[in-house]
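Engineer: This is the structure I have questions about; it appears just below.
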Amino acid sequence: MSLSDLLAAERPPRERPPASDVAPWTTYLGFGLLIAAVVGTVLFATAPSPYVVERPGPVYDTLGEVDGSSGEPVPLIEIPDETTYPTSGQLDLLTVYVDGSRENPLSWLEVAQAWFDPSRTVLPIDLVYPDGQTEEESDEESAAAMDTSQQDAVAAALTELGIAYGSVLTVGGVIEGTPAEGVLEEGDEILTAGGAEVADVDGLRAALAAAGVGTDIELGVRRGSEELTLVLAPVASEQDGSAVIGVYVSAVYDFPIEVRIQLENVGGPSAGMMFALGIYDKLTRGELTGGEHIAGTGTIGGGGQVGAIGGIVQKMYGARDAGADWFLAPQSNCADVVGHIPSGIEVFAVADLDDAIDAVEAIADDDTAGLARCG
């Protein structure tokens, strides 16, 4: 036997130790890390987040019908004692669902899913529900805004038609720490601003803007049986820098005709423009839409001014998904529109009810080249 044979015989081949002989702490550590990762992921995914999610809500045709309180179909807009005319096509108003609240917060997993859906928008909860405001209080505020928007829509449509009506601008509340505190009172009727008569919110805003921030403006006010002249200096709004005095006001109208708008469980002011278009279409000869499917959104003032709204991205997607080919957006929302228009729908910008009517007529005539667009 050679020396190499002897060495080989004395050195048996290496064998892997059985698994049970491997240091057990490494196995336990691996399993522990895996379990911790799973538990951490679950806790993160289900933990409440400080966000809400906006997504497309139901769509309603202002020229069509909805389910009434009895469950039977009723016209969304009804003008019972006036001559109305046949309509065609659709004038859709859009709504937005808000998922999440302080009482029922969304999980981080739900928020993460929304970030990858272009039809949804994630917002800090404080933007939707101000600190201290409950979901119920927000719903009540939203319902009041809907009632006001319906009245303003009737006023705007009648103004467009040249039908006279009465209107008084009434103070609904005074905000602490503003120029109005200690000067105006709830229930005051604002008759003039800067020497000019004002009958609606748009008129007051225009008068304050003309005066400018920091410049005294005279308000003619009726308080009970007494008429007063009050002087205030507007301040800049924290939201957009516009001139404000710190009051909640609404117009109390006296219309010569009855207009019924029947739409339950929908709040906010953003359907005002579409209500006004629907009323106008029903009270005028000819079919305004020419049979086209048109959707839109925007607040409306009694004088016809169209204002910005929230959730416009969701409303564009909701309109597209409901089959609308055309969408009317407030001009003041254009920054939110650009870059977010879903495929399959065209969007036009409008500043007032005149613009909206012109746009619908142009769509009906297949002549949209001259219409304003965002961007």
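Placed from the backbone N, Cα and C atoms, the Cβ positions cover glycine too.
Note that TrEMBL annotation is computational and uncurated.
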Engineer: Checking feature assignment: region 'Disordered' per TrEMBL, candidates 1-20, 81-100, 301-320. Which range matches?
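Structural biologist: Checked against TrEMBL: region 'Disordered' maps to 1-20.
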Engineer: Compute the C-alpha separation of Ser270 (active site) from Lys315 (active site), stating it in Å without decimals.
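Structural biologist: That separation, Cα to Cα, works out to 10 Å.
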Engineer: Please spell out the DSSP helix, strand and coil residue counts for the domain 'PDZ' (143-225).
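Structural biologist: So the counts come to 30 helix, 23 strand, 30 coil.
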Engineer: Starting from the Cβ of Lys315 (active site), draw a 10 Å sphere and report how many other Cβ atoms land inside it.
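Structural biologist: If we count other Cβ atoms within 10 Å of Lys315 (active site), we arrive at 28.
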